[in-house]
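Engineer: In case it's useful when we look at the structure, here is the feature table from TrEMBL:
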REGION    1-51  region 'Disordered'
COMPBIAS  18-33  compositional bias 'Polar residues'
TRANSMEM  140-160  transmembrane segment
TRANSMEM  172-192  transmembrane segment
TRANSMEM  221-248  transmembrane segment
TRANSMEM  260-278  transmembrane segment
TRANSMEM  290-308  transmembrane segment
TRANSMEM  323-343  transmembrane segment
TRANSMEM  355-374  transmembrane segment
TRANSMEM  394-415  transmembrane segment
TRANSMEM  591-609  transmembrane segment
TRANSMEM  621-642  transmembrane segment
TRANSMEM  666-689  transmembrane segment
């Protein structure tokens with residue numbers, strides 16, 4: 001700065017120079033500007049308010065000169081992080097030397113890409129679980145068959161990613177293609193059922209034959225799409241490994257493991273294509289199709305795990321990070337499922353008491369404890385040898401499956417609590433309606449308004465049905481068949497309560513409801529029919545003649561088959577009882593695996609930790625011993641599943657209880673709201689109990705925790721004294 005220049009003049013000239021540089025490019029001064037320095041070219045850090053040579057404009061209530069730096073804008077500019085954009089090459093080169101990782105650390109793909117892929121995978125699994133409603137034991141094999149496919153694809157992909165995936169255009173393109181194909185797998189999972197791919201020859205017949213044909217078509221199309229999509233993902237991965245082989249040869253690196261992967265993936269792809277092409281004209285051929293496909297899936301998994309045989313370094317840290325992220329996403333999907341069923345319970349017709357909120361709270365407690373078991377003492381950066389990494393990875397197959405089944409069982413328990421409250425309320429209101437409809441004793445105005453508002457949330461609406469039934473029964477005297485409509489109405493409302501509670505009717509329950517609604521109802525010269533879906537009302541003028549044998553040739557559960565000569569009202573009563581039993585039995589069976597998988601999850605969490613660590617002192621045996629012991633105890637609670645599978649619903653203080661004395665004891669536990677509470681108490685006892693015991697051990701003998709633990713931390717006693725204002 002010249003001697004004749006004032007500080008204001010110099011700062012003004014610098015401001016103009018910086019403004020010209022910003023607008024028109026770099027100035028002739030080659031000095032790199034620095035933030036707030038005293039040298040020429042430095043950015044001024046003080047506000048300039050005078051002498052601007054630009055057109056003023058208004059900003060709010062004050063006038064700001066264009067091109068003038070304010071204190072805030074200058075501070076933001078001064079603290080910006082300057083970073084150059086990295087060029088994305090087509091393909092990055094590998095490291096020379098067989099003992100080195102394939103890629104340099106700075107050349108590895110960003111972790112966000114892997115997390116994106118993992119999120120897609122778990123989303124596909126969660127969507128399949130919601131679509132197929134893992135709410136009965138019969139649905140578990142179907143879920144398991146799909147789970148194996150998705151997880152095996154993911155495992156083989158991550159073993160490539162942690163070794164060879166680079167930050168280049170080639171891998172981004174192929175990752176995008178993998179995600180696209182994976183979405184086809186997720187979209188085609190709705191009809192997945194390998195047991196229904198057998199081609200049906202006799203398509204002509206009743207509605208049940210048409211439904212079987214529809215189920216076959218959906219299952220066959222789903223199987224074809226998923227097998228071809230699986231083959232496509234294996235082909236894409238084989239191409240990636242082939243590029244690795246070619247790149248390795250150029251720098252003379254050992255490529256035996258990538259070569260084996262190319263061969264295994266090609267073989268897996270071939271099995272999948274053959275399985276897709278083979279016709280399922282007979283049950284034997286259908287079995288061969290399924291077996292061939294899963295042989296291909298097994299080959300793919302073995303190919304991925306064969307990478308451990310390579311003498312090169314194992315990326316144990318990267319594998320631990322991917323499995324940890326995958327486990328965390330599964331837990332997150334549990335919250336998604338819980339929030340979905342909670343939303344249905346709130347928007348449904350269940351009594352809005354504290355029970356449903358308590359159940360949701362208990363599920364959250366279980367999930368938080370599950371997170372603690374997985375990650376409290378887990379550090380992905382710890383170096384673990386090859387054999388332990390292999391065993392640690394294998395344990396995640398049953399662990400992730402049991403985690404998803406545990407979440408599904410707890411969600412089912414929440415749905416049961418909502419359903420039993422809704423059914424209890426429906427039965428209570430229908431009792432009031434029965435007095436009005438059948439005994440001509442209408443309830444009080446307030447009660448009538450409450451009933452109307454309640455049933456108007458269902459489909460069909462109560463007012464429409466009320467008008468139809470009132471008009472039909474106004475004729476004196478009503479016919480013998482008039483009460484049948486009341487039981488059909490109850491069946492329709494039971495179905496709607498289930499749907500509103502997030503529970504879809506099974507095929508057996510839908511068959512019973514169809515048979516109930518097919519019974520004729522005659523009011524003199526008018527016939528009223530309720531649609532099987534409960535969504536429409538048809539009032540016809542034709543009179544049904546004699547009873548048809550729509551339900552005459554079918555056996556519903558333990559009920560005897562009906563004949564055309566039996567009384568219609570008796571048929572309606574028996575069908576309604578059978579429908580109620582079927583709905584309750586189906587929905588309550590969704591928690592039969594709760595305690596076994598809760599115990600298995602806890603034991604697998606302990607084994608997962610033991611495969612990776614041996615804690616110092618008694619901590620190893622206290623933590624893992626408590627988890628295994630409580631896990632075994634929870635598993636033994638599976639003995640409560642012994643008993644009859646039938647569960648008849650009756651109301652008692654807004655709860656449902658089993659009238660069958662031989663029903664499974666677990667049903668009584670669930671009906672009383674203790675099913676999730678037992679798991680939550682057990683998990684919390686393990687989490688808190690082990691920590692308290694370790695604190696006592698450390699105080700007595702020491703050597704339990706790390707030496708630096710607590711150096712800068714406040715003890716509970718210090719915190720309590722500080723809270724009370726003591727020194």
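Placement of Cβ uses the backbone N, Cα and C atoms for every residue, glycine included.
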Engineer: I'm a bit unsure how to read this: which one of 140-160, 355-374, 394-415, 591-609, 666-689 has the highest number of Cβ pairs shorter than 8 Å with the transmembrane segment (221-248)?
Structural biologist: 140-160
Engineer: Six or more residues out from either end of the transmembrane segment (666-689), which same-chain residues have a Cβ under 8 Å from its Cβ atoms?
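Structural biologist: Distal contacts: 355, 358-359, 362-363, 365-366, 369-370, 372-373, 410, 413-414, 416-417, 420, 588, 591-592, 594-595, 598, 602, 626-627, 630, 633-634, 637, 640-641, 647, 655-658.
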Engineer: Under 8 angstroms for C-beta pairs, at least 3 of them, ignoring pairs fewer than 6 apart in sequence. Is the transmembrane segment (140-160) in contact with the transmembrane segment (355-374) by that rule?
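Structural biologist: With fewer than 3 qualifying Cβ pairs, these stretches do not touch.
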Engineer: Could you pull out which residues elsewhere in the chain have a CB under 8 Å from any CB of the transmembrane segment (172-192), counting only those six or more residues past its ends?
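Structural biologist: Same-chain contacts beyond the flanks: 88, 113, 116-117, 120-121, 123-124, 127-128, 131-132, 142, 145-146, 149-150, 153, 157, 165, 215, 218-219, 221-223, 225-226, 229-230, 232-233, 236-237, 239-240.
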Engineer: Between the transmembrane segment (591-609) and the stretches 290-308, 323-343, 355-374, 394-415, work out which stretch tops the count of Cβ pairs under 8 Å.
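Structural biologist: Ranking 290-308, 323-343, 355-374, 394-415 by Cβ pairs under 8 Å to the transmembrane segment (591-609) puts 394-415 first.
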Engineer: Checking distant contacts: for the transmembrane segment (355-374), what same-chain residues at least six beyond its ends satisfy Cβ-Cβ under 8 A?
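Structural biologist: That would be 324, 327-328, 331, 334-335, 338, 342, 345-346, 403, 406-407, 410-411, 413-414, 417-418, 421, 598, 601-602, 605-606, 608, 627, 673, 676-677, 679-680, 683-684, 686-687.
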Engineer: Sequence-remote contacts (6 or more beyond its ends) of the transmembrane segment (290-308), Cβ cut-off under 8 Å?
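Structural biologist: Answer is 148-149, 152-153, 155-156, 159, 163, 194, 197, 223, 227, 230-231, 234, 257, 260-261, 264-265, 267-272, 274-276, 278, 314, 386, 389-390, 393-394.
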